[in-house]
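Peer 1: Heads up, here are the entries from Swiss-Prot:
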BINDING   Glu159, His224, Glu239  Mn(2+) binding site
Amino acid sequence: MAEGGGGVGVVYVLENEAYLSKEGGTLKVSRRAGREVLLQKPLIAVEEIVILGNAVVTPALLKHCAQEGVGIHYLSPTGTYYAGLTRTPSKNAPARVAQFKAYLEPTWKLALAQRFVLGKIRNGLVFLRRNGAEGWERLKEALLEAERAQDEEALRGAEGRAADLYFRAFAELLPEEFAFGERSRRPPRDPANSLLSLAYTLLAKECESALLVAGLDPYVGYLHEVRYGRPSLALDLMEEFRSVLADSVVLSLLNNRRVTLEDFDDSEGFPRLRKEAWPKFLRAWEGRLNERIQHPLLGKRLAYREILLAQARILVKHLLGELPRYEPFAVR
């Protein structure tokens, strides 16, 4: 089975042993080397391909995607990011030079890390307040602590305390059968954490794509430590969007009973979303990304997917000296 992504050119391939090929100007997704066609879509309308599970991609399609900047992303059934073919960086070399310079200057690096943390805490606070969570006001203390942080250790301490308070309150918003004690990952210990991990993986992928389009290197960040193979800047950028996009989708799916406990399989010792339930999750995810709202800084209505790119470009403007500081996206 294959899912088209809301008219924005994202194709999700859910079928195990799917066969992806290029036939003329068309992407063809079939079962077992062409025996049963699952999806045909003009390649000009394909911006990204997300593969969950095992699939074969023909050399001709790989070549096309590499030449045209179409990302191919491999995820496990639990949403873990395995590998990907991403678009080549833009020609904006000055942006990357400025990015590396900021990373090497401790004061600048700390200031950027602080902006990402503040964006995360502020939006998390608004999210909890809007949803009527008890204890949302406690995040104000962590916010003040982050604002006053003078070094990375203090900043990360404030972020950690804010995250602990946030997830305690978030868990109380969930249906009783999905409540959890703390955030868990690798592997997630309960269905709600499993959905959160999945949503965060997809959000990180979106942020990585936005940064590449804007001309930045997703692997050199400021808040998250730089490690081999870790998209640190993508993880930085996604912080201000965790509650706005990922947590919002998960909360809506669970509270509206669109995803239930029966949609999870724990035969491998941890819960994971059944293949049959993936379309429900992906429809909700794409629906949220395509939702349009007013961007507070730019003063115009944009889809959330466009806002991710807008924020990446705002970061570029700051790095190049066109803005005095990076302004995180803020919900009202």
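Here, residue 1 is simply the first one shown, and the rest follow in order.
Cβ from N, Cα, C; glycine included.
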Peer 1: Enumerate the residues of the same chain, Glu159, His224, Glu239 excluded, that satisfy the criterion Cβ within 8 A of the mean position of the Cβ atoms of the recorded Mn(2+) site; list them in sequence order.
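Peer 2: What remains near the Cβ centre is Ala113, Phe116, Val117, Lys120, Arg156, Leu223, Leu235, Asp236.
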Peer 1: Including all protein chains shown, what's the count of other C-beta atoms within 10 A of the C-beta of His224 (Mn(2+) binding site)?
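Peer 2: Result for His224 (Mn(2+) binding site): 17 other Cβ atoms within 10 Å.
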Peer 1: Mind giving me a neighbour count for Glu239 (Mn(2+) binding site)? Other Cβ atoms within 10 Å of its Cβ, every protein chain shown.
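Peer 2: For Glu239 (Mn(2+) binding site), the count of other Cβ atoms within 10 Å is 24.
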